[in-house]
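Trainee: Annotations for this protein, taken from Swiss-Prot, read as follows:
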ACT_SITE  19  active site, proton acceptor
BINDING   14, 64, 66, 112  tRNA binding site
SITE      9  site 'Discriminates between blocked and unblocked aminoacyl-tRNA'
SITE      91  site 'Stabilizes the basic form of H active site to accept a proton'
């Protein structure tokens, strides 16, 4: 059994924001299997799918980004899932838009949802798939305004291209593991 977690914020005002791309990614995965989200363990919504014989639990924490670890730990405890079998999908301000980056472990890199998950698990050793949201290299006056802002029309086009690839990468992880997914998907989307 695997656990895929998409990070975002629960209120409707956050739909379509850069910070909620993790929610968009897991919604795409669930929809491709005809699965719907319902009340999950802890403060989350969850969907269940089976991919090539592997049961996969997909969750969207409803705790706000900065407290995502609570929902992750609740799902891991209930389903008895170990850290090696979880994948966290989130936005990354440090990656250019149109890029995904999978890692087997690592720091939060300034992503507060990842930071709380690391604190809650007491470890940086879990897989994550970061979706680049950085549009250009100009300095931002407010990081929070940018990540909580809606995608521009051009950015939406890029995200529409990247979400199916993100879905494929996450599903590759569930069957073949993080190393295989990293080798196949750590490249810019064209």
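Keep in mind that glycine also has a Cβ here, set from the backbone N, Cα and C atoms.
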Trainee: Do you know which of the recorded positions 9, 66, 112 has the most other C-beta atoms within 10 angstroms of its C-beta?
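Mentor: Per the Cβ count, the most surrounded site is 9.
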Trainee: What's the CA to CA span in angstrom from residue 91 (site 'Stabilizes the basic form of H active site to accept a proton') over to residue 66 (tRNA binding site)?
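Mentor: A Cα-Cα distance of 13 Å.
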Trainee: Determine, for the tRNA site, the additional residues of the same chain whose CB lies within 8 Å of the mean position of the CB atoms of 14, 64, 66, 112; present them in sequence order.
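Mentor: Here the non-site neighbours turn out to be 8, 9, 19, 63, 65, 67, 68, 113.
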Trainee: What does DSSP say about residue 91 (site 'Stabilizes the basic form of H active site to accept a proton'): helix, strand or coil?
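Mentor: In the DSSP reduction, residue 91 (site 'Stabilizes the basic form of H active site to accept a proton') maps to strand.
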Trainee: Let me make sure I understand the span of the tRNA site: among 14, 64, 66, 112, what is the greatest distance between any two Cα atoms, in Å?
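Mentor: Farthest Cα pair among residues binding tRNA: 16 Å.
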Trainee: Give me the CA-CA distance between residue 66 (tRNA binding site) and residue 19 (active site, proton acceptor), in Å, as a whole number.
Mentor: 11
Trainee: For residue 64 (tRNA binding site), just count the other CB atoms lying within 10 A of its CB, please.
Mentor: 17
